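According to TrEMBL, the protein carries these features:
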type	residues	note
DOMAIN	95-178	domain 'Purple acid phosphatase Fn3-like'
DOMAIN	186-332	domain 'Purple acid phosphatase N-terminal'
DOMAIN	346-587	domain 'Calcineurin-like phosphoesterase'
DOMAIN	611-668	domain 'Purple acid phosphatase C-terminal'
Amino acid sequence: MRPTALQMKWNDWKLMILLGHIIFSCLSPAFCHLRKEHQQGSSMIKHAGEYFNYENIKVHMDSQYALSIVSPEIADGAGTWAKVGWSFHSELQLAPDSSTIIALFSPPEALLDLVEESEGGKEAMRHPPVKAHHLGEGMNSRSGSVDFLLLNLRTDYIFGLFQGGSDNPVLVAVSEVLLNGRPNEPNNIHLALADEGEGHGAGLAAMRVSWVTRDEGRPVVMFQEEGPQLASGAVAPRHLRSVRRLMSHVVGGKVLGGATLPTATKHSVAPASSFTFSAKDMCTAPASGAGFHSPGTLHSVVLANLTPGTRYRYRVGDLESQEWSEYRVFVTPPAPSYLPTEQSVRIAVFGDMGAAPIDGSYESTVTGSQWASLGTAHLLESLLEKPSQQFSRSPSASGLDAVLHIGDISYARGVTFHWDMFLQEIEQVASHVPWMVGIGNHERDSTDVSDTIKSLSFFFTDDSGGECGVPYGAYFPMPEPADDFKKDTPWYSFDFGAIHFTVMSTEHDFRRGSSQFQWLKQDLKDVHREVTPWVVFAGHRPMYVDSTWGGDFDSDVAVSDLMKQELEPMLMEHQVDIGMYGHHHSYQRTCQVFDGECQDTSASEPSVFVAPVHLVVGMGGYDFSEFAESTPDWIDFQSNEQHGASVIEANHTHLHFQFFDGINYQQVDELWMKK
């Protein structure tokens, strides 16, 4: 959804509950100690979503201000805590207050070039900071320190001290450079389902593994089958893995309660392909200019000929540098043809998530709050841990089998290091289950083209910040035809258990006669209902939505009307059970509806198809959107007061849909369907 249509509805106390629950839970005595050392709640709430106007940066270096890195001497990869000390000369009149900011930049040249410019050098480009801390309103101390949790951006770091506030920041002091000691640490590890044509045989499974380092090297995945049960000692408990780097700040790197990570034996080794993208691939600024940060080298490999419904452990790394990740575990999808009718699959579905820092700083390039994304990420971890109580499950399965994130993925909008923040936020889930995606306006929409992306988006706006689908497609290659971002065809489908998912792009032409329309029509026609009796149709912008935004060609109301005109008859013809969307930052559930009217179900058995149910699940993490004053008759339930995620669980005869609150993990709404 466009930021101009958003309205903030989160109260400070809800944020405090969310952030306290996520960051400061007493999972161990060490973590309670961490809470005492890093509790920055009031500053975090006050400045959530504040925009740092980096284009207005001015430089006025002043020796009465001092900034230095207290620790560490060298950053030890993702999750390193950096303590930054500041001080003010005793005769200085202006004490630190809400206008005083310490900001993190990477690479250091982003600040050093500005200092050189102020000393008579050539004019330097203004780059956005990675994150920033306000020193706090009303502080009268003339010295102190703040802590930053570092993302591994594969480059070195530097900190700047600013006066003048976020609107007109004035750089008055810089720290020394903090070296990145692990630029080739494997990071941003995530899984995806691979296309059936990518090298595996009939009845077998495949999984794509992707990650990032600085250099190309000799990247590989080492993996082996574990069988139906998790081998003892394979990995540390998941809740400890999710906070292990935070805990290492206070317990010297030792993970309390963690199991040892064994050396792989009888493993297979799969070499990865490597590639990258550059500012020249982007369509407009800021992605093609000041907002671009080198993504490093992206690695991807399809593990082929895997046994369906089987647990595998794996790690990613490099044969040259010997940098390795810890071992992770995934379970291959079941073979739909052989799935017992009583066994279910369980998939989380939502849109509009984004990412936020967890260290009390604020991500300084966003104009709306994404703090609730942390609750959604933690909810997904919780779901991963909890087996379903409603259905029979495979003994290999965890509590969650896959994720479908339908648009507005990271909200980087041309500031590309925000993709790193997002990928590192989701890694604890995405490295264990496939994280499937659909493209949204904030990934694709652009008013220009590039040498790589040669066509305009369907809606002529700058919502992607010039990215025009490049980082999205590079980080998340999906099954064909969405396997190569240079083709610019990000629509695809996949089967998972008893469910067939068809994922469209609302940001490309979907009208009758378009290539996407023809593909969607053929895909729905080819569904084998005996194998996958349930069909879910997903796209970013909603076909049915209760929204205040109308009039504009790309407004919620206008696009909804166009989708009903062009696509709704197709969904009825092929008896699509559920339509799922994001874009409007709320949760909405319709009746069984066609052509704007609830269909009469009184004379039908529950197993007889009448019309699709449409679900808006855009409550993944961004500020809430508003509803119209008068609720449409086809809305059965809606809420713009809870963020979180929805979950679909289905076997061959029953489907259970639930919406869970991202703060307390309680069920907000549910729907049962029967075949």
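Positions of Cβ are set from backbone N, Cα and C atoms, glycine also.
Annotations in TrEMBL come from automatic prediction, not curation.
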What average pLDDT is reported by the model for the domain 'Purple acid phosphatase Fn3-like' (95-178)? 90
For the domain 'Purple acid phosphatase Fn3-like' (95-178), give the DSSP counts of helix residues, strand residues and coil residues. 10 helix, 29 strand, 45 coil
Over the span of the domain 'Purple acid phosphatase C-terminal' (611-668), count residues by DSSP class, listing helix, strand and coil in order. 0 helix, 27 strand, 31 coil
